[in-house]
Structure formats: structure tokens, C-alpha cells
Amino acid sequence: MAAGFLFHMGSLPAIATVGHKSKVLVIGGTGYLGKRLVTASLAAGHETYVLQRPEIGVDIEKIQLLLSFKKAGASLVSGSFNDYRSLVDAVKLVDVVICAVSGVHIRSHQILLQLKLVDAIKEAGNVKRFLPSEFGTDPATMENAMEPGRVTFDDKMVVRKAIEEAGIPFTYISANCFAGYFLGGLCQPGFILPSREQVTLLGDGNQKAVYVDEDDIARYTIKMIDDPRTLNKTVYIKPPKNVLSQREVVGIWEKYIGKELKKTTLSVEEFLAMMKEQDYAEQVGLTHYYHVCYEGCLTNFEIGDEAGEATKLYPEVGYTTVVEYMKRYV
């Protein structure tokens, strides 16, 4: 198994029968990826529930988003990580639980809150599949990650261990680089819009990474939830046309704007020195950039038979290529 832990099915229910559309609960449904998961679940015809957490308070944008989900056919369920019984009651309503709470320190790092959700799912006993908040780099491949960024991977592995020891059926999704964060800034940390003048290359700019449109991540995720081929496996989303280096991404942008950007380079030593000057949350994120852009951690291994790859499992799903994605910035 990709996660490296033994799996015991125990007394939990078997996977849904072929043709059955599971009832889905999305936790973190107002977040950057979560809102896309809700939309994709509804579009695929699943009875969809969204956890409405009181912690939202008077955040009008999130409240309006929840109301838009309700209008589109979703059911809102009150619940909180601070109220264990509410979690148990919420998961009892559905077959599949998808958690999309933030694992990004510059927003809010909530990965270990999922341990409460694991306990709730175990007690409820009806959940056929749990998809925890992963969606980035596969933490099982990052055992040698640097501090402080390794905390993200370590915490995700703690959650995986709890899931598997509880005998909860699962799917772990490694979606690599969110396109909005990486492509928009031409793979430069701290940028989300592409410059028309200059770009800083990380190292030689030739390390390959994998970029995935966030809407595609959501669509592939929903395809997996009733698929027995993805049960108790890690599934990578690795669109073949989207495995590109920073230089290749920059080249695509240069073709769109009809000019070459002024290029400077940032050596690994300069990057690490710059990283140490940032606060803790920034250092965590920059560590991830280091592993992706200097070490090529997303493409330096082969996907084994014990795992799966979404574009091969679902060739009927047309994914957004980097070339197509970049056009929106012109």
C-alpha cells in the first residue's frame, strides 16, 4: 500500500454497488477547493451535504456561498469540530465523507482536526469511503522533507495512520500543484499573476512539476468516490500534458504575450537563505516550493501498481492543459 500501513476492514460497510450514487458530505465546503468539490458532486448527481460550521460567524461571503449551494440542491448540515456529537450525526447521513479543511499555514493549518472526524466516522459505522484533506504532494513520498515544511506531510501521515488503524475505507488523492497558485505566478512564490516584464527562475528552471486545474481536481475526486478501483489506494492526478518545467511554463506565457521576459535566477543557496528570513508560516510554504522546484519531488518517482493515476482511470474526463489554463491571463 502507498501509505505504508496495514489496513483492516473490520466491521465497516463494503463499498457501494456499481451504479449506485453515494450520498456525499463535504467538510470545508466554503474553501478554495471545497467549494469546487461541492459543485462537482452536485453536477455528478450525488445527494450532497455541506457541513455548516458555526465558526463561519458573520463571514458574509461564506454564508452567501452556502446559501448558493442550498439553492443548487445541496443540504446544509450544522456541525463543528468542537462538537463531537454533531460530527457523528453529520456523517451518519451519508456514504462518503470528503474533507477539504486547510493544510496551508498561511491560511489555517487544520489537518490534525481530522482525527476527531476519524473517531466520528468510526463510531457512526456507516461510511463507505473517507477522503481526507490531502490533494497536494503525496506525504508518503516525503519522509525526508525539510523542516519546517515537513509538518504538513507528518500531520497527514498521522491522519492516514488513524484512518487505517480504525479500519475506515479510504482514498488518498495527490493532486500535485494547484494551477492557480503555481501557474498564475509562473511558479514563483508570492505571485499569483504573471508578469509581462520579468521572471525569477528557481535554480535552472528545468525541474519538472505537475499542474492541475482546481476544477479538474474536484471532478476527478468525485469520479473516484464510487469506484472500487480506487478503494484503499492513493490516486495521483498527473495529466501528461501538464508535466512541465518552470522554463516551459514561462515559454507558454511568452508565446501568448509575444515577447520574452527578462530572466534572473535564484540559486538553491539564495532561496534557502531568503526562506530563513521569513516567518514560520511562510517558511512552511517555501519549503514545499523548494522540494517541488529544486528537487523535482513530484516527478522523481514512478507510480506503482499499488496506486492509481486519474487520467488513465478516467480517460473520458477532458482535463485543462497548462496551455489552455494560461490563456485566461492574457
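Easy rule for this one: first residue shown is 1, then count along the chain.
Every residue gets a Cβ built from N, Cα and C, even glycine.
From the candidate list Lys21, Lys62, the residue Swiss-Prot records in the NADP(+) site shared with Gly28, Gly29, Thr30, Gly31, Tyr32, Leu33, Gly34, Arg53, Arg160 is Lys62. Taking the C-alpha positions, the distance from Gly34 (NADP(+) binding site) to His288 (substrate binding site) comes to 21 Å. Cβ neighbour count for Gly28 (NADP(+) binding site): 23 (other Cβ atoms within 10 Å of its Cβ, all protein chains included). Taking the Cα atom of each, Thr30 (NADP(+) binding site) and Lys156 (active site, proton acceptor) are about 21 angstrom apart. Around the Cβ of His288 (substrate binding site), a 10 Å sphere holds 23 further Cβ atoms from the protein chains shown. Take Gly28, Gly29, Thr30, Gly31, Tyr32, Leu33, Gly34, Arg53, Lys62, Arg160, the residues named in the record as contacts for NADP(+): the widest Cα to Cα gap among them comes to 29 Å. Across the fold, the C-alpha of Lys156 (active site, proton acceptor) and the C-alpha of His288 (substrate binding site) stand 14 Å from each other.
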